[in-house]
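A short worksheet on the structure shown next.
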């Protein structure tokens, strides 16, 4: 074993290796499960008592709906329209399907790690433990920065959406209201955040189910005009549009451009692992959420992209308009074309709640990424301080303070700077997913090297390591070629080039900074810390929920 002074995690590892988790059982009995887990993570009970600890306050339904809500954002209601106008309905359907398959593969990797060891923040800690501390530093700060700036973007989007009804009131007022709202939902207790996401996700889920039913009715001629649409728009203006080039090359480039759009639309799907460190009964609830990712992706995104493809022609000018709120949404355009009143305002309200939900979620994930980096000893220790209700309030406060940048969007000049700053985060999501795949490959090697039989795992992801390699290569290709259009004749733009690729030097710069500063070595599989934090979790017994009737059986299946 390593010298404990060299590795702050070794007390937990020692307890496991020497077969003596009884100390952690005593802590659980005397002080509660959260203290035992914190003591395991920090290395001693005194440190856990000094800083406090997060609480496992997220119930099964919270976790399930956080996972559901994480895959349904403004991208499905608004963002998909630009890809649709550029590439055509078949390209969008294929692009979202291919990317959905890769996201499913990545989530299988993350699910296995998060079930074995559910940690607050999770992803940077997995990278630091299994790959390289420098990678944990880069991923942690990259993810925090991405979450904080995306928080600003979502608050800005929510405030602008209000302009669909009233554009006379300054958006600064709406920005202030939304900032206060999301801080209140995050600062008091994690269960309040969970309840808010449960409600927001329920609204989004019911809306998209209603829209899919509406799409079927309108397509079959059930609208006010009784015009049966069928697949007419796949014939004219066409199923696949050309982009940049002509012929098959142009259609392929159009398809590839949708991969980039789809990857950004799926952003946030990994939130369920970020919440794993605060989930009740994580060994049951995390696998349950991860296994359903595929069906959520299939149902919402694939069927959603198919639905708008039969309702709206890809050359409709409103798809690329600068109208506020839901006016650019392909769903709203379809409703207007069908002559149905009232529904557009309802969809706009849903987009408003969707953006507010995303802001709420990114404040949560950003604060937990910061907490995870602090647990890696790569951020100031005061960030580990938690309230009595288990909220890392310094992490929440610092992440929330970045939201003040949203006021830059009020000024036309500053708004240009803000939008450019926001674009820096676009590639960070893909780096996160690549990092998850790399961490999993090293985690799998560590299990093998340390004699852990994967067949004994609570959640074992299928077809490994091929699943991880497929997702890693897929996301890496999108990172490298996401800005391909700037290299084509007549399309060079310094701004577009920086937007597409500035994320790469930021990520690798963070990595090299820690590598050079700390001279951190790559983690050997036989020495990777796969144990710390596990002893206290293993000592906890979660009561089994038995449904009392048929309705409860249905509810337990859903949530």
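Heads up, the Cβ atoms here are built off N, Cα and C, so glycines get one too.
In TrEMBL, annotation is done automatically, which means it is predicted and not curated.
Taking TrEMBL as the reference, the stretch among 420-443, 516-539 described by the feature transmembrane segment is residues 420-443. Of all ranges given (16-34, 35-53, 92-110), TrEMBL attaches the label transmembrane segment to 92-110.
Here TrEMBL gives transmembrane segment for one range in the set 122-143, 144-165: that range is 144-165.
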